[in-house]
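Notes follow once the structure below has been shown.
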Amino acid sequence: MDKRKLGRRPSSSEIITEGKRKKSSSDLSEIRKMLNAKPEDVHVQSPLSKFRSSERWTLPLQWERSLRNKVISLDHKNKKHIRGCPVTSKSSPERQLKVMLTNVLWTDLGRKFRKTLPRNDANLCDANKVQSDSLPSTSVDSLETCQKLEPLRQSLNLSERIPRVILTNVLGTELGRKYIRTPPVTEGSLSDTDNLQSEQLSSSSDGSLESYQNLNPHKSCYLSERGSQRSKTVDDNSAKQTAHNKEKRRKDDGISLLISDTQPEDLNSGSRGCDHLEQESRNKDVKYSDSKVELTLISRKTKRRLRNNLPDSQYCTSLDKSTEQTKKQEDDSTISTEFEKPSENYHQDPKLPEEITTKPTKSDFTKLSSLNSQELTLSNATKSASAGSTTETVENSNSIDIVGISSLVEKDENELNTIEKPILRGHNEGNQSLISAEPIVVSSDEEGPVEHKSSEILKLQSKQDRETTNENESTSESALLELPLITCESVQMSSELCPYNPVMENISSIMPSNEMDLQLDFIFTSVYIGKIKGASKGCVTITKKYIKIPFQVSLNEISLLVDTTHLKRFGLWKSKDDNHSKRSHAILFFWVSSDYLQEIQTQLEHSVLSQQSKSSEFIFLELHNPVSQREELKLKDIMTEISIISGELELSYPLSWVQAFPLFQNLSSKESSFIHYYCVSTCSFPAGVAVAEEMKLKSVSQPSNTDAAKPTYTFLQKQSSGCYSLSITSNPDEEWREVRHTGLVQKLIVYPPPPTKGGLGVTNEDLECLEEGEFLNDVIIDFYLKYLILEKASDELVERSHIFSSFFYKCLTRKENNLTEDNPNLSMAQRRHKRVRTWTRHINIFNKDYIFVPVNESSHWYLAVICFPWLEEAVYEDFPQTVSQQSQAQQSQNDNKTIDNDLRTTSTLSLSAEDSQSTESNMSVPKKMCKRPCILILDSLKAASVQNTVQNLREYLEVEWEVKLKTHRQFSKTNMVDLCPKVPKQDNSSDCGVYLLQYVESFFKDPIVNFELPIHLEKWFPRHVIKTKREDIRELILKLHLQQQKGSSS
């Protein structure tokens, strides 16, 4: 075509793109006719330079523009590969290049083309020449466009792939609004050698024009689908940064290209047939040539990488470096092409450094490539670095990778707008935001490559593609969770660049925080450890592993670290609790094990703990602020975790003031700084006087003031078994707690009461052992045995029985302190007997049938009954008439059979144990009563060594026989056998004394008269009798106490 020079027309321009092949005369004449018929249109003025033959247009494109139709048109008439004629234009410093894309989609040919072709990429080749009749006189050589892109794998975001080319919004017109309803376009391709000029650009010819893109007309509607909602002005700061750029806004709804001042270069265009484009657009195979590149809207640092022919997926340039390089390029009048994207009022700012491309893996590339055909992406894959320099191609795989990534990071528009705007504004004050996208990370060159799933790719999204993205939204979110590395690499940079990054906040909230341990801080004023009192130097920190207490003693600052595995108990005493202490601050209490004191001493670097006294085990912290319920619950949770780790289950339960005070109440003020500084002044406890402290704690001491005494007790009465019991306890409105009597010991009763001799005194302390779970002491045992034989046993049985004191057997078997005996010739049995010989000076035990000996061994009570000690062998007698019913009842228990009450005695028979069982089973055989000398062992637990006990008793009887009867008699296993009949057993570890008393009581009620073997006593008494025995004994003592009080008062 001929070179013409036309004046600049502000509102009309047209670019005619022709293939680099010979055109027929009819085609040329048609173009000349069109140009001559419309003098206001743009005329091509500069010849196009030759393009490389290896790069071809994939379809013939004819870019036309009319005054009213400012849309893209594609010429389908030329089906052959035609190489167009070069056209050049002269440079003019006063004019800018303007490229207007004429739409022919609304013609029959355009509609047909739109219906026939799928949404694939338009492919441009180096041979394509784009010319404009409105180009100024500047000669632009080698307007390079991007390589041909395979249709299936390309992104939909066409306008997002060329940031250096700015398209003016055409949605303001009716035709533009109709584009939204049409299917979205796929990504266009530009070749490195395609160059484009617009009258909006200045006429300076410096560098090569780049980033031109062919738009597929049946998909170009999406270019402005979002554009109607965005600003139509070019970033003001961008114009300041590019000193030679002349940015101008078209007032009409046409599409404009903003191109930096460049040196005169050839503007070539070429095309191929439309059928070839259609065939390639339907191709499903993924093929990439090294000369192709996909244009992605990225930052200037990425453009510089692309210019240097380095893959974008392998590194990310530094932000500072990028900005510096950008300024340098602008000062050198480097040619830069900006594609204004008319979507969502976003315009590219050349200074934006936060736009990052990422490095996708091969596996991700395969997975994401299926979405590429639905994405429209703008890329500034090429950019000139200095004057006269030409852009170079980049690996097409890099672009394809970038395209695939955008689908993963794509969110809905509301999320994108909300997240992107504050980030962009944080970097560019006063600048308008670019196209909205979700910035996953912000990184720099020095940080190295980042994962593709968090790349910050600015993109367009069609309605149809939006549906696909929404379906994969959950996949994108899960992908973010799998990339903790991204967050780590970018959190530092984003914090430096962005004052607020909601994306990082969202990602950090998604990341699990299971590594964080429970931690609680308290502000405290003082700490008390043994003799030390320290002032606070911070907060006490409590975790599962340690407790850190920073404090100061004199001029020494100490940070005590207590290992929680050595904690025994803890307590939190609020000021409102335990009003007896009158505390104004809460106290945090820790009790550590004694073996940890050495470690505490080492940390304190103090010789105060050299003695390792008991007071050093307690750590008291006086808190400054009241403890909230939330802090209290969190403290219990921490202690529960510690108790699980250390195995101290009691640690999970806090000690109350009443429970913890006995631990340190005996400490003097010299031993414990807490007693000296705190308790003495706050609680008014007399220092060093444990009894007075205890009296103050229990409110037992008399009031020190002159106020009227407020009643702190109440009377309780109880009726049981026809008897009344009276007790005193605290008021119901007071805090109920266990109270141990700490006053003077008071004698309640003497039994038997005077004037009977040998009375036994029972005090209030003895009543405590009658509580459930307590062992009965010897006083209660002796008292009740005396009570039984005096009150419960019959006179006949009393004459035949004798009960030793519970101290008898202990005295008999005790070890002698004096090793030298008066008579060394005495045997061991004689020595033992000598210890208790006075116990029977007024009684002859050999005149008794039953001798009861309470035995206590290893805190276990059981009963030994010496039966018929005066007999040398078993004797069978007739049942006495008076005891026939009792004996028959006993036999029914022994044999588990019933015997008639009117059973008559028969002649005396000497039967063995086996014969006795057979005669018992036969009702017609007459029965005899057996009196057998033996030692019965009635044990409810069978935990004692009964053989030693039996042997000791045999030896005692042998010596006692010699003393009393002055003859020798041997008590052996044959003539004094030991028997252990089956008796009711205890079901706990504390009722052995109760069972002993019940054995004696049952014996007196139902004595054993027939000692024929075997003796069965399993059903001697019901179990419920044992359950009430303690309370019965208590009531008995209180009843006797009241009786004796009345008797003494009268």
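The backbone N, Cα and C atoms fix where each Cβ goes, glycine too.
SER11 is the residue among SER11, SER318, SER384 that Swiss-Prot describes as phosphoserine. Within the set SER373, SER509, SER725, SER801, Swiss-Prot records phosphoserine at SER373. Among SER369, SER386, SER433, SER615, the residue that Swiss-Prot annotates as phosphoserine is SER433. The phosphoserine entry in Swiss-Prot, when matched to the candidates SER73, SER211, SER443, SER668, corresponds to SER443.
Screening SER25, SER228 against Swiss-Prot annotations picks out SER25 (annotated as phosphoserine). The secondary structure of CYS992 (active site, nucleophile), as reduced to three states from DSSP, is helical. For the recorded site, ASP939 (active site), the DSSP three-state label reads coil. Shown are the active-site residues HIS860, ASP939, CYS992; of these, the residue with the fewest other Cβ atoms within 10 Å is HIS860.
A separation of roughly 6 Å, to the nearest angstrom, links the Cα atoms of HIS860 (active site) and CYS992 (active site, nucleophile). Spacing of CYS992 (active site, nucleophile) relative to ASP939 (active site) is 8 Å (Cα to Cα, whole number). In the predicted structure, the region 'Protease' (760-1050) carries a mean pLDDT of 80.
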